[in-house]
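Listed in Swiss-Prot:
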DOMAIN    5-90  domain 'Core-binding (CB)'
DOMAIN    111-310  domain 'Tyr recombinase'
ACT_SITE  Arg161  active site
ACT_SITE  Lys185  active site
ACT_SITE  His262  active site
ACT_SITE  Arg265  active site
ACT_SITE  His288  active site
ACT_SITE  Tyr297  active site, O-(3'-phospho-DNA)-tyrosine intermediate
Amino acid sequence: MRAKPSDAKLTGLFLDMLAAEQGAGPNTLDAYRRDLTDFSEFLGRVGHSFADAETQTLRDYLADLDTRGFKSTSVARRLSAMRHLYRFLLNERIRGDDPAAILSGPKRGRGLPKVLSIADVDRMLRRARELSEAEDASPSKRLRALRLYCLLEVLYATGLRVSELVALPRTAAKRDARMIVVRGKGNKERLVPLNEASRQAMADYLAATEAAKSDKKTGVAASKWLFPSFGESGHLTRQHFARDLKELAVASGLQARLVSPHVLRHAFASHLLHNGADLRIVQTLLGHTDISTTQIYTHVVEERLKSLVRDLHPLAEK
């Protein structure tokens, strides 16, 4: 009798398929790996594995997540990982059934994203610019301030995912570039326009990095990345940028918990829609494959339409 493949082996095969056939990126693969590792550890505790777990065991795992205090969004994500895994195992004939097919997830309403006001974003931009222009700052401190200001300007101008932003190549800062090519989820490319402020911020930051290369005290070396670092990836990490952004929020008089790279991406989309942008255009700029993902912002469009009717309809005052 042939031995059952281990959970680790099946996880590896599944992740290889996601990378090869669906173009899943490192962040997506890491998320699946974490979720499936947790699921595997639960199965091990109850004497099962991916290869022999039944539907009731999967239900027990979902109940365990609830007992451990996981939010409904996190439970739904784990369930999605399980469904994808067992569909793969069925297609590969590793299993003859799909125990996750009839599972139902937690009911959850999709919450509206937190949105910073235009005034809040402007406060952060002004503070970041002030820090980048501080004359008494050391060369290394000024370079970090210029980097943060550049990151903020580009993020609010483009609405990039944070993973796309920190991994921009150095070539994105070409002189007079009006558009940048962004490699997004599934390795798909899209063109995103830059405004004058973001282009200038990139030019100033790039000039500072060029000057810093000759200064050994700054530790700046040649790199293909626009925002290089000495870490394994070679570029600034999402976590580092998020931490810097929260510090900037506090320095701008805002609550750190209300600010993140993702919140600024939401601000980009919401502010565009509030000012009349078409939902399909915003979908393209955000890199959403499905319009339903972008439709979370329709509350902004609805409020604007109500305002237009209230302010412009000839009988609105009667």
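Using the three backbone atoms N, Cα and C, a Cβ is placed for every residue, glycine included.
In the three-state DSSP assignment, the secondary structure recorded for Arg265 (active site) is helix. Highest local Cβ density among the active-site residues Arg161, Lys185, His262 belongs to Arg161, counted as other Cβ atoms within 10 Å over all protein chains shown. Note on Arg265 (active site): other Cβ atoms within 10 Å of its Cβ, all shown chains, come to 21. His288 (active site) sits 13 Å from Arg265 (active site), taking the Cα positions as reference.
Between the CA atoms of Arg265 (active site) and Lys185 (active site) there is a gap of 15 Å. Mean pLDDT across the domain 'Core-binding (CB)' (5-90) comes to 92 in this model. Separation of the C-alpha atoms of Arg161 (active site) and His262 (active site): 7 Å, rounded to the nearest whole number.
Counted within 10 Å of its Cβ, the other Cβ atoms near His288 (active site) come to 18, all protein chains included. DSSP assigns Arg161 (active site) to coil in the three-state reduction, placing it in neither a helix nor a strand. Across the fold, the C-alpha of Lys185 (active site) and the C-alpha of His262 (active site) stand 15 Å from each other.
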